[in-house]
Amino acid sequence: MPIHEVKHPLIRHKLGLMRRADISTKNFRELAQEVGALLTYEATKDFNLQEKTIEGWAGPVSVEQIHGKKVTIVPILRAGLGMLDGVLSLIPVARVSVVGQIRNEDTLEAETYLEKLVGELDQRMALIIDPMLATGGSMISTIDLLKKAGSTEIRALVLVAAPEGVEKVLEKHPDVSIYTASVDERLNEKGYILPGLGDAGDKIFGTKQKDV
């Protein structure tokens, strides 16, 4: 199933806190990291394990370790940085690629202004992270870049998604799996998610939030 709406009680509770209009930058930032980590847990539960014998405190012991999986985390700037530490807390050896996307507020189309990708993308699973999947433009553009650079296995972690954006992404890239805390109701006329979280980038970085 390409869309996974993760309804774990901890995720639902934390997402509810994030929806508050009066939430502080500190609390929003911390919750974005926490929910990002919980989504990572769900998105990686099919990783293969291999048994290995190590030296334990009382002698040799058989353990299981993740085998054969290289990962690159791909935050979409700038808001995706707000989830990065949470994902890295669970996959600390992952390489980080960076894609900068900005939305043209007149056309609602995504424009790429930065692309810094790690090597060997054909040998890595790419985890795209972005708090909001709204119109889908930034996500589609980022997936296009990754595939052009050699990526063959791509998953996306988003805190909140709009059904319109999900539909567009999966129409263009049906092989990409999306993990989200919530598929919300719809987009408003300005392309923002309702009920959504407001402008996640502004809330993470403490900048002035636009009228959404």
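Every residue, even glycine, has its Cβ placed from backbone N, Cα and C.
Together with Arg78, Asp130, Pro131, Met132, Leu133, Ala134, Thr135, Gly136, Gly137, Ser138, Asp199, the 5-phospho-alpha-D-ribose 1-diphosphate site in Swiss-Prot holds one more listed residue from Arg20, Arg29, Arg103, which is Arg103. A strand conformation is recorded for Ile193 (uracil binding site) in the three-state DSSP classification. For the binding-site residues given as Arg78, Asp130, Gly198, Ala200, the lowest number of other CB atoms within 10 Å of the residue's CB is seen at Arg78.
Note: the Cα of Gly198 (uracil binding site) and the Cα of Ser138 (5-phospho-alpha-D-ribose 1-diphosphate binding site) are spaced 17 Å from each other.
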